[in-house]
Amino acid sequence: MEAANALKEKGNKALSAGNLDEAVKCYTEAIKLDPKNHVLYSNRSAAYAKKKEFTKALEDGSKTVELKADWGKGYSRKAAALEFLNRFEEAKKTYEEGLRHEPTNAQLKEGLQNMEARLAEKKFMNPFNSPNLFQKLESDPRTRALLSDPSYKELIEQLRNKPSDLGTKLQDPRVMTTLSVLLGVELGNVDEEEEDTPPPPPPQPKKETKPEPMEEDLPENKKQAQKEKELGNEAYKKKDFETALKHYGQARELDPANMTYITNQAAVYFEMGDYSKCRELCEKAIEVGRENREDYRLIAKAYARIGNSYFKEEKNKEAIQFFNKSLAEHRTPEVLKKCQQAEKILKEQERVAYINPDLALEAKNKGNESFQKGDYPQAMKHYSEAIKRNPNDAKLYSNRAACYTKLLEFLLAVKDCEECIRLEPSFIKGYTRKAAALEAMKDFTKAMDAYQKAMELDSTSKEATDGYQRCMMSQYNRNDNPEDVKRRAMADPEVQQIMSDPAMRLILEQMQKDPQALSDHLKNPVIAQKIQKLMDVGLIAIR
């Protein structure tokens, strides 16, 4: 095992230095010695991903999950490989599966958010991917005639499957007309005759509902029950609750199969603050409603009132249970909003209740022990537990950042350092660890800024001064080949999003062909910001 660990450390150094072939070789030899070690497959997956060998990265990510199904990192590796292979739905499912094992894993949460955004963007950015595409084209006279042309159908299928070709097809007037129809905006100067516009579809016939019986058709007991209900409503509005209860009770005696009179009684007890009696009556109303096959909306209303009664008593767990029962019967925005509000409060209550500085210290000490043994994944788990137990301790974020750096998760290390600095701006380790992570990412300018701030706190800090000088020399001697620049840039989620935007790709192509077009594009602040980002990471240069 010692030999395998030595090879793993050697592989980590090679990976950090960008020597990918050497890293893969070291991890492969280590796996031969320790074939059940999930961390080795995880690290080799990262190396393959950096080499752009995404199929192999996926194989190792899958093996990691197989060996250690409760380890979030394995799911991150597998999902990242799937994402690079453009298998976005599978990547999303993998992130979700990982979160079922590690619900608080920040990397998995961030990955899932990015994936959901990518999928939403992909759907939005490709109007030709609409499920009812041909129905839309058939319903508009401008495109209906085009559908008889096989070449037009072939063109539509091409754009449906490969939206990146749109930029090369914009000169085709058929494409502009089609976009006008699909997007619902006028993109050209074609004048349409009013009479050619199809008339609006006839209104949908109202869904037949069981007609309310006319009062004269009602049996005498039901007529009398309704009158009692109206008297109860008048008293309720005046907050004369005793009188309201009396009339609702009489209505219920006259028409015991009508659940409405029972829920009316429950509403009175709710206003009186007798929530236990309110719930008892709502349960009875639901029972009567089920027996008499009442409208599901009335059942939902009774469940919602039970939920509201628990919410008033600050019993959020029970409130959520009954709000969800109400939503299962009939979904309304009001109940959904109340349910989400209760969930938010409950989550915060559980978070606060979990805080315990003494247990945080225990977890921190366990993390320190694991870190000293070189078991960085285990150390990270202990530090994460300590943070949940004491989220305002800046040093815990610093310690976890050190773990992330050892695991080559530099972006997460930077994020933890920034939280550490926010909580304790005078803690120098927050700045030096942030700088070290940025330096490892070869972002020397930002690393120097962080080292500079550390030196402002302590001018004698050798770690800060040495790091600053090292970054200066690295920046001065930098001679990256274009592939390295591109690889580093494309690891940035913001850059990935910009480069996957068909509109931005069209703009970049236009800038290459016509440099004068740049000034026009820079007038748009959103586009200018994206261009600046691509310049900052070295993907484009403007002279």
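Indices start at 1 and increase along the chain as displayed.
Heads up, the Cβ atoms here are built off N, Cα and C, so glycines get one too.
Annotation source Swiss-Prot lists compositional bias 'Basic and acidic residues' at 205-235. The repeat 'TPR 5' annotation in Swiss-Prot covers 259-292, and the record cites sequence analysis as its basis. Annotated repeat 'TPR 6' per Swiss-Prot: 300-333, in sequence order. Residues or ranges marked as repeat 'TPR 17' in Swiss-Prot (evidence: sequence analysis): 395-427.
Looking only at the repeat 'TPR 17' (395-427), the predicted model's pLDDT averages out at 94. Remote same-chain residues near the repeat 'TPR 6' (300-333) are listed as 259, 263, 266-267, 270, 273, 275, 278-279, 282-283, 285-286, 289, 339, 342-343, 345-346, 349 (criterion: CB distance under 8 Å, separation of at least six residues from the stretch ends). For the repeat 'TPR 5' (259-292), the DSSP-based tally of helix, strand and coil residues reads 31 helix, 0 strand, 3 coil. Residue counts for the repeat 'TPR 17' (395-427) under DSSP, split into helix (H, G, I), strand (E, B) and coil, are 26 helix, 0 strand, 7 coil.
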